[in-house]
């Protein structure tokens, strides 16, 4: 039997969040947090809207998921995020003890991999899910931004 | 002429915040952000109260300072925090481009130094200001916690 609720399914939901960010003139990054095949938190980058560098999609999703669950730890959860997390978000994920992180596009300059950020030892990582779609949205955003200036 | 508004003065204010955390049964860590000798943000750890691992004193202080200034960047500011920041908070400081970080006690297990977190190239760091006072408050908290269990 096929499982329609696979990583691609949930990454598409994260991409919908990224699209919402795009429409607000925010760097288009989206995230969802999933537990038992259910989305328990959705968020998109709001750093410009909120004037706050800590308002990355992942940070808001961690806060929302913990609020939903009534507990700080996300051991049974998976974070889907359209761009590889930065060291702040990866550092936050360490404290949540999240079970899995699935990201789309790589961030070769400021991503947690090149920055050598330590994840929680129990956190699994999968990269490159719908990488092209996630990347394309970001590229389109920056091209449009550049053309406006 | 002496300058009464030195690092010790502002670290004492951060310690007052840590004391507020202590009284709420939170791990006692406090922070203030200073610009031109004025405190523009005060915060203390609220991870238990808010059920949110991202509610470290530093994170809240960054958000509050940016809100106060109406801009995301804290280039002219100094963060005073009673404990060496973790990789999440140091990662957040990278995005704020904060001018200086002054911390009290060292965090030898999960501090940004041992974790090799990358700070913004323009961020200066001073550690060990009122180290003993900052440490003592943390030790007292954990001893009282242990005795209660």
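The backbone N, Cα and C atoms fix where each Cβ goes, and this holds for glycine too.
Database features, via TrEMBL:
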DOMAIN    B:5-115  domain 'CMP/dCMP-type deaminase'
BINDING   B:56, B:86, B:89  Zn(2+) binding site
ACT_SITE  B:58  active site, proton donor
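For residue B:89 (Zn(2+) binding site), applying a Cβ distance below 8 Å and a minimum sequence separation of six or more within one chain yields B:56, B:58, B:59, B:81, B:112. Across the domain 'CMP/dCMP-type deaminase' (B:5-115), mean pLDDT in this model comes to 97. Here the recorded positions are B:56, B:58, B:86; the one with the fewest Cβ atoms within 10 Å of its Cβ is B:86. The DSSP breakdown of the domain 'CMP/dCMP-type deaminase' (B:5-115) into helical (H, G, I), extended (E, B) and coil residues amounts to 40 helix, 25 strand, 46 coil.
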